[in-house]
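Per TrEMBL, the features are as follows:
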- V75, E124, D150: S-adenosyl-L-methionine binding site (BINDING)
Amino acid sequence: MSVPVAGLPARLALSASAGAGRFCVLGSGVERWRGVRAGHRRGLSDLHLQLVPSQGFRDSPSWLPKYRSEPKSYVTSPKLATTLVQILKKEGKNPDQLFLECNPGPGILTQALLESKAKVIALESNRTFLPHLESLRKKVNGKLEVVYCDFFKMDPRNFGIVKPPIMISETLFRHLGIEAVPWSEDTPLRVVGIFPAKNEKKILWKLLYDLYSSTSVYSYGRVELNMFITEREYEEPWSSFGVYGQSGRQEKLKNKKPLEQINKQVGQNMCLIQLTPLPNLFTENLTSVNYDVFFHMLKQCFMKRNFKLMDHLQLLSPVNATAILKQIEKNGDMKITDLHPQDFKQLFETIECSKESCRWLFDDCMEEMIM
């Protein structure tokens with residue numbers, strides 16, 4: 001069965017294949033550090049696992065000149081778009097919430113968001129889709145803005161003169177009339193899209209870097225990310241994660257299945273990760289000033305996952321490792337993959353609180369970590 005995309009020229013009429021497969025949607029999710037235990041509301045956000053019908057992901061059409069853009073995937077099924085909007089707006093308090101949609105393509109999800117009374121800013125990096133999105137904009141009385149822009153290439157680290165679709169967030173947001181709000185307030189906008197298949201991991205690292213440095217979109221407040229990522233990058237055995245309730249105690253996950261078993265049932269999956277910065281993300285000892293040291297620590301830990309915690313501490317810091325472990329109540333024989341995301345923050349802050357004049361040992365890995 002196919003669903004034609006209404007309102008598009010014949011050569012843009014992408015169809016949605018309604019197969020028997022399903023995809024894995026991860027709603028309200030903690031950042032999923034590979035091999036690290038996840039917790040409930042103790043990292044960037046909390047996590048739940050949902051399975052919904054997979055109907056309507058398509059790659060960019062083969063007729064598009066390859067030199068124009070990298071291959072992209074789009075939501076092309078109205079049914080999938082409606083389900084996604086229900087997930088996105090399930091916990092939303094404001095019916096007029098502002099959504100920033102990345103590469104909407106044929107605009108199927110855009111239309112579903114508009115029908116839910118949301119306001120949408122469509123950032124499209126492929127000129128071919130702009131006329132259709134512009135025609136949609138004229139029908140919705142100020143509820144939709146269309147910009148020729150690539151969200152995933154926004155705010156390049158080393159830039160001179162930038163030209164669309166590459167843009168600077170400050171210029172874009174000023175043009176759109178979006179103002180910064182205090183970190184303690186609710187999310188000023190919600191970003192939704194599909195990570196480009198190329199460099200997914202690097203893009204996610206850059207977004208986390210922007211978050212902890214309070215730069216790019218995060219200079220405007222606690223922006224929420226809702227991004228589809230391939231299971232290839234997300235994949236993680238369920239046994240590597242814990243689920244924590246409001247009390248902070250670990251709970252059993254209902255209907256838990258090994259990922260290998262899920263794969264056999266659902267086929268090729270896409271995962272929706274939701275990252276919402278917590279109001280108390282920053283503390284006296286972890287700030288947007290020393291975030292680079294925190295990232296250095298994380299990078300070193302994940303480059304050597306099988307090392308014991310004691311070995312990592314001795315490589316990272318000249319501070320007495322035994323004393324640090326005693327303060328955080330951890331065993332030096334533990335592996336990094338046995339730590340909860342909150343434990344990394346606690347470890348960093350404990351070392352930062354040390355009275356030693358020299359707290360960290362550095363190398364040149366930072367340039368490789370961030371785009």
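Note that Cβ sites are derived from N, Cα and C of the backbone, with glycine treated the same way.
Feature annotations (TrEMBL) mapped to structure.
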{"residue": "V75", "record": "S-adenosyl-L-methionine binding site", "Cβ neighbours (10 Å)": "26"}
{"residue": "E124", "record": "S-adenosyl-L-methionine binding site", "Cβ neighbours (10 Å)": "25"}
{"residue": "D150", "record": "S-adenosyl-L-methionine binding site", "Cβ neighbours (10 Å)": "20"}
Roughly how wide, in whole Å, is the group V75, E124, D150 that binds S-adenosyl-L-methionine, by largest Cα to Cα distance? 17
